[in-house]
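Q: Dropping a structure here in structure tokens format, bear with me for questions.
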Amino acid sequence: MASNGYRNGTGTNKGAIKPLASSNIRSSSFKSRLPPSSNPSTGSALRRTSSASFTTATGGDGVPGRVRVAVRLRPRNAEESTADADFADCVELQPELKRLKLRKNNWESETYEFDEVLTEFASQKRVYEVVAKPVVESVLDGYNGTVMAYGQTGTGKTFTLGRLGEEDTSARGIMVRSMEEILANVSPETDSISVSYLQLYMETIQDLLDPANDNISIVEDPRTGDVSLPGATHVEIKDEQSFLELLRLGEAHRIAANTKLNTESSRSHAILMVHVKRSVLGEEVAIPSESDKSSHFVKPPKPLVRKSKLVLVDLAGSERVQKSGSEGHMLEEAKSINLSLSALGKCINALAENSAHVPIRDSKLTRLLRDSFGGTARTSLIVTIGPSPRHRGETASTILFGQRAMKVENMLRIKEEFDYKSLARRLEIQLDKLIAENERQQKAFDDEVERINLEAQNRVSEVERNFTDALEKERLKCQMEYMESVKKLEEKMIENQRKHLHDGFMKDKCNGEGPGFSEDIAEVKKLLEKETHMRKEAEKEVNKLKSQLGQHMDAGAGGDAEILKLQIALEDEVHQKKKLEEEIIILRSQMLQLTFEADQMRRCLARGGSGNAYPGLDSPMSQVRESLSGNKTPVSALFDQVGVQKILDLLESEDANVRIHAVKVVANLAAEEANQERIVEAGGLTSLLMLLRSYEDETFRRVAAGAIANLAMNEANQELIMVQGGISLLSTTASDAEDPQTLRMVAGAIANLCGNDKLQVTLRSEGGIKALLGMVRCRHPDVLSQVARGIANFAKCESRASTNGIRSGRSLLIDEGALPWIVQNANNDAAPIRRHIELALCHLAQHEANAKDMINGGALWELVRITRDCSREDIRSLARRTLNSSLLFRSEMRRLRIEL
Ligand code: ADP
Ligand code: MG
């Protein structure tokens with residue numbers, strides 16, 4: 001039976017609860033320890049003890065026990081989901097840290113710690129286990145135990161304590177579960193359980209098991225301080241069924257009593273007392289024998305009856321009475337209710353602060369609960385709160401009550417601030433710095449490029465100059481050499497000719513012929529050969545020069561490599577610059593986002609109403625109003641600065657944070673009609689559809705779907721969405737998403753498309769209608785409302801087309817099996833859902849081809865109901881007209897004898 005640290009029971013140190021002997025169970029009650037005069041010698045010490053005793057005894061781990069306090073948050077109800085749709089809850093729970101943050105405003109919150117923090121998803125089983133089970137276990141061990149629920153009306157006190165869970169056993173509350181546990185652990189032969197069930201209203205105790213018994217008095221045992229109600233009915237409980245019947249009976253009497261007194265049960269305290277009597281055997285006592293000290297005589301164990309009491313209190317609503325506008329008798333009543341509740345608060349304060357006086361006698365409630373404050377009782381308090389920011393004040397005071405019960409001095413408060421203005425300032429300064437830095441770098445970069453260019457040019461021209469000089473020199477040298485050789489050759493020739501003439505003369509002189517002539521010829525040949533050789537040499541020289549020229553050219557190429565290096569550096573710089581520009585865009589878009597949020601907030605505060613960022617899910621009126629006012633919002637101004645294309649480029653950034661940020665900015669911008677055209681023109685719709693297709697996490701999907709829903713308000717965009725395959729994409733998302741907010745966006749987008757006459761057929765063929773209907777699996781009222789709107793839009797287009805003779809035959813909605821859901825929800829509690837469905841039914845009924853299916857599906861009854869109950873006159877008369885103009889409906893109504 002041992003349970004976790006929530007239990008504070010069985011330690012053996014001083015002041016701890018010891019296994020009980022029947023006689024001292026109630027010996028350390030509240031009264032016996034207070035006031036100090038009752039025990040003058042140890043006044044202040046006793047006061048401390050009394051405080052510790054309210055907080056029950058010492059825990060097994062040596063930590064002094066105290067009232068254990070859990071806080072439980074009720075989920076949003078349908079009304080809050082609609083009315084507070086655009087507002088965050090006033091609290092944020094951190095169950096793993098056992099912390100609760102209470103929002104003061106958008107930027108500030110206060111943090112509180114509790115023994116348990118139960119979120120709106122906490123199951124009844126878990127609530128029982130952490131709040132009541134340890135108390136029930138100690139009641140079974142013989143201690144008194146109390147579980148109280150405190151909180152504003154409607155926050156779930158009765159849900160937590162009193163639900164019977166007849167249809168669904170998982171919904172059973174603490175009362176039923178406690179009894180189940182007690183029954184499972186007692187033995188029917190030796191133990192007994194009895195129950196009284198009471199209501200405390202205007203300081204009068206009524207018996208809920210016997211309504212005639214309406215003024216029960218509290219009796220206190222002056223010796224033990226024990227509290228009892230001898231006048232109350234005690235019913236013996238044998239099994240769970242009889243207990244459930246008893247609770248049902250009590251509840252019926254409670255309603256009857258409250259009707260008689262013209263009050264509501266939320267104004268009274270309901271108290272269930274479970275008395276447990278268990279037979280236990282005392283310890284065997286060994287008595288030393290007189291004659292022989294070594295042998296022992298063992299006295300048989302004494303049968304004992306262990307009595308304990310479990311008190312479960314569903315307290316009256318803690319709200320301030322002024323708020324509900326009570327007057328006259330109501331004020332008296334308010335005082336009495338407040339008397340008990342405020343006395344309870346005062347006692348808790350006094351005990352928490354070790355105050356000398358604890359005003360226990362000030363009210364019947366505190367007198368009745370004095371046992372719970374006694375040293376032998378273990379007490380758990382569950383404070384229940386709602387999420388609505390409209391009741392922040394009540395929620396705060398409930399939380400403080402719980403905190404005080406935990407002893408105020410232990411309270412942990414963490415103050416966190418989010419100062420939007422200074423963040424915006426910081427971002428602006430950072431942006432300025434980055435812009436300045438960028439300008440500096442740009443300047444340095446341009447200078448560097450210029451310098452490098454100049455240097456490269458200088459080098460190139462130097463190389464060219466050197467090369468030209470060298471070439472010229474070589475050319476001159478060659479020319480000179482060539483001319484010299486030619487000159488030498490000419491001289492040689494003249495010499496030879498002269499010689500030849502002379503030799504001829506001599507030869508003529510001496511027989512005309514001789515070997516001298518052939519020698520000359522050989523000589524000339526030699527000279528020619530030499531010339532040829534020199535010529536070759538010169539050619540070689542020219543080739544050499546050419547190759548030198550080549551080498552110079554290579555040197556030029558070396559210059560090119562240098563330029564290449566410089567070019568790479570240049571590219572690096574360009575890359576750097578681009579990155580800096582990107583950072584500036586991101587910062588600007590962050591500014592954009594922040595400004596957008598501030599703008600939303602400002603508008604919202606100014607209107608005192610909705611700050612909906614997704615007008616695509618509602619009427620476009622607010623938006624029209626905005627654009628008519630003609631003022632350019634700061635967002636649009638920033639949008640102009642940054643440029644749509646740059647923001648869309650960020651959608652493809654490598655950094656996921658940047659991407660998500662960008663998609664949020666696009667979604668926010670798409671909320672304004674003025675921006676939509678630019679977004680679509682720049683390819684934003686395509687990018688958003690791509691994101692939806694290649695989604696990587698839910699936030700992307702949700703935000704992208706929201707942006708698409710906004711764009712889908714516009715007729716031209718609706719067709720674009722269809723052309724780009726958006727319908728089947730939205731349908732796929734509708735079938736595999738689970739997050740209600742994503743589904744709400746998708747349903748909103750499809751609902752907008754349903755209002756376009758040209759898309760009807762494609763919507764069906766690409767699975768849009770099936771997808772819309774499929775989303776009702778998520779029971780979230782926001783999603784259902786969008787589904788209903790889509791159905792109404794679709795039915796309206798169909799009925800228009802039928803009237804204009806463009807279409808005939810049964811509605812596609814009926815073909816797709818929408819009728820049963822429509823009929824089921826025609827009288828939905830949530831007004832927006834009901835209104836859309838009522839309109840859808842009227843549109844469907846306008847076409848005779850649907851009448852047969854509607855009659856068979858029960859829609860006729862709903863239409864008849866609409867003609868009678870609908871709160872809107874125009875819808876009532878539309879329904880009546882529609883029914884009267886249909887032959888089939890008229891004859892069916894005649895058959896059923898229904899008259900409109
Ligand atoms: P109170 O105790 O303040 O009178 P109720 O227990 O009557 O409040 O709860 C008010 C409404 O809220 C009821 O319709 C109840 O079903 C619902 N409710 C309360 N708590 C929860 C919860 N934890 N989960 C779901 N519905 C809840
Ligand atoms: Mg209640």
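If you go along the chain as it appears here, the first residue is 1 and each next one adds 1.
Just so you know, glycine gets a Cβ as well, placed from its N, Cα and C.
Predicted automatically and left uncurated, TrEMBL annotations should be read as such.
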Q: Looking at 274-323, 374-423, 424-473, which one is coiled coil according to TrEMBL?
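A: Checking TrEMBL against the ranges 274-323, 374-423, 424-473, the coiled coil one is 424-473.
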Q: If you draw a 10 Å sphere on the Cβ of Gly156 (ATP binding site), how many other Cβ atoms land inside?
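A: 23, counting other Cβ atoms within 10 Å of Gly156 (ATP binding site).
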Q: Other residues with Cβ within 8 Å of the Cβ centroid of Gly151, Gln152, Thr153, Gly154, Thr155, Gly156, Lys157, Thr158 at the ATP site?
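A: Near the ATP site, the remaining chain residues are Arg74, Ala149, Phe159, Ser266, Gly317, Thr384, Gly386.
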Q: Checking the binding-site residues Gln152, Thr155, Gly156, Lys157, Thr158: which ones have Cβ within under 6 Å of ligand 2?
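A: Within range of ligand 2: Lys157, Thr158.
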Q: Return the single residue from the binding-site residues list (Gln152, Thr153, Thr155) that has the minimum number of other CB atoms within 10 Å.
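A: It is Thr153 that, of the binding-site residues Gln152, Thr153, Thr155, has the fewest other Cβ atoms within 10 Å.
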Q: Counting only residues 6+ away in sequence within the same chain, which have a CB under 8 Å from the CB of Gly151 (ATP binding site)?
A: Lys157, Leu315, Gly317, Ser318, Val383, Thr384, Ile385, Thr398
Q: Enter the number of other CB atoms within 10 angstroms of the CB of Gly154 (ATP binding site).
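A: Result for Gly154 (ATP binding site): 18 other Cβ atoms within 10 Å.
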Q: Measure from the Cβ of Lys157 (ATP binding site) and count the other Cβ atoms within 10 Å, all protein chains considered.
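A: By my count, 28.
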